[in-house]
Each structure stands twice: as structure tokens, then as C-alpha cells.
Amino acid sequence: MTEQNQQPKTYCGFIAIVGRPNVGKSTLLNKILGQKISITSRKAQTTRHRIVGIHTEDQYQAIYVDTPGLHIEEKRAINRLMNRAASSAIGDVDLIIFVVEGTKWTDDDEMVLNKLRAAKAPVVLAINKVDNIKEKDELLPHITELSQKFDFAEILPISAQRGKNVHILQKIVRKSLREGVHHFPEEYVTDRSQRFMASEIIREKLMRFTGEELPYSVTVEIEQFKLNERGTYEINGLILVEREGQKKMVIGVKGQKIKTIGMEARADMERLFDNKVHLELWVKVKAGWADDERALRSLGYMDE
């Protein structure tokens, strides 16, 4: 076989993104992929499912596992499940990206690091939000201190929001990939269904427009997702909360808040699906759903 007829070698691998809640893991994944796949908000615990983001460039395919934030507190069933998903993501991957926030180091960071000690894959420490560090001369001593805690393969200061050094991180990822066939077609950026992405978009808007009013005992169930004869997606979303007071928060005065949530969610869906969307939302009280493992299984939290 001549050189001209030979197919170029291809490389593929799995990358786990881990870290305590709210350090910017989802923002980093979205920046790498070039579009929003993982739900982002300023609240912790916004990522609940192991969303797989797929980035293919030339002969390289990196499959990213965006984990829920690891938690010390496991009093509720949903937190136990999120911890379990994050811990399982650490095993059987080619590279682990451990994301921390600036010069902060918390007990939660220490707990995540302790879980990584048993990992077989190399660990890259990504120090995120470095653009927010006011005293820049504190960064280098902080890096030195962290380097003594663990044998990191690399320590890289980044800003996921602004894209600073993300291209360097991607080069590190490429080097970790193994020679082998790609698992997904080149155009794929996620293995999640449109139905799942619709529920994530609605949940993101809930987080954004309820501010600190609404705790994490809220989820979204897509009851209908179909393409009608006019070529429009008809989507019905059921928002589950635990208390009547939370229902009132979501609906808002004269229904204004849920109207805003619906309008913003529909606009995002139309951009993502490249199609017209008719979205209807309802709010229902389902007491104790976040503590009920059967309810969590039916809502898709135990499909990992």
C-alpha cells in the first residue's frame, strides 16, 4: 500500500472533568465545545447528569464527562446520586481535569483531591477564574503549594469564561488520547437527546430567573416532545417542586416569572434545534421527590 492510500491515524479518549460545585466545570466544557451543552448558572449543583461532550478536530476525538460537583454532605438521595456519578466518572478515563477556583482551596477541594489519589489516569489541575484574582502575586505561591499536595501531570491557570489558556489545555488533552477509531461521527457534540437538552434548558432558566429564592429541590420532566405536521416542535414541560411556596416563586406575580422562563427557554431551544418551538410549562408540587430514589429513577437521575 502506498503512503498516499494510507488512512491517517485517529485518536480517541475519555476525559473526566471533576471539581467541587461552582468552580466552572460546565463553562469550561461549553468553551471547549464551542456551544452550550452543559447547564451553567451561578448556583452550585446545576449539573446533575453525566453529560458527554464530544469534541472532534482532525484525527482527534475527545469525549468529555462533565460530572456533578462532588459533595461532602450526602443527607439527601439526590446528593448521594450526584456524588456516585461523579466518583464513577473518575474511573476508566484517559485523563482527569481537576478544576479549582483561583486561589481558593476549601475542604471540598481537599475531599475531591483525596478521591483522585486512587485514580489511574493522570490528573491536570486547571486553576480557573484567574482573571478574577485581585492580588496576582498570590497565584505563583498558590501553585507551588498545590504542587506539593499531589503529583499533577500539569498545573495550568485558565479562565474558562474568557477562553484564556483553554487552547493549551486542549493540546494536553490531545496528547492523552489513545490511537483508535472515533466512537462518534464528527458532527456530534453530545450523545444526549433533544428531549434531554430541552429539560436542561428549562432548568437553567429556572436557576437564572429565581435567583437565590429557589433551592435545588426542583426538576423538569418533559411530558411531550414531538414534531407536528407544520414542522414545529411541540414541547410540554412539567416543573416539579417540593412545596407550594416554591410553586408560587416559579409562577411569579400574575404568572410573569414562568412566562419569562418559557420565553427565554423557547428562544434557546430554537437556536439549538434550528427549528420553531411551541413550549408550554406547568408547575406541580411533588413533596419529597429529591429524597425518593424511585422518583429519581423515573426522572432519569439513576440511568448512569
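Cβ coordinates are placed from backbone N, Cα and C, and glycine is handled just like the others.
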Looking at 66-69, 210-213, 246-249, I want to know which stretch Swiss-Prot calls region 'G3'. 66-69
Checking 5-9, 45-49, 230-234 against Swiss-Prot, the stretch recorded as region 'G2' is 45-49
Swiss-Prot annotation of region 'G4' - which of the ranges 100-103, 128-131, 180-183 it falls on: 128-131
Three-state secondary structure, which DSSP defines for VAL130 (GTP binding site): helix
With every protein chain in view, what's the tally of Cβ atoms within 10 Å of the Cβ of LYS25 (GTP binding site), excluding that atom itself? 29
Any idea what DSSP makes of LYS25 (GTP binding site), helix, strand or coil? helix
Mean of the pLDDT scores, which run from 0 to 100, over the region 'G1' (19-26): 86
Can you count helix, strand and coil residues in the domain 'KH type-2' (210-287) using DSSP? 30 helix, 28 strand, 20 coil
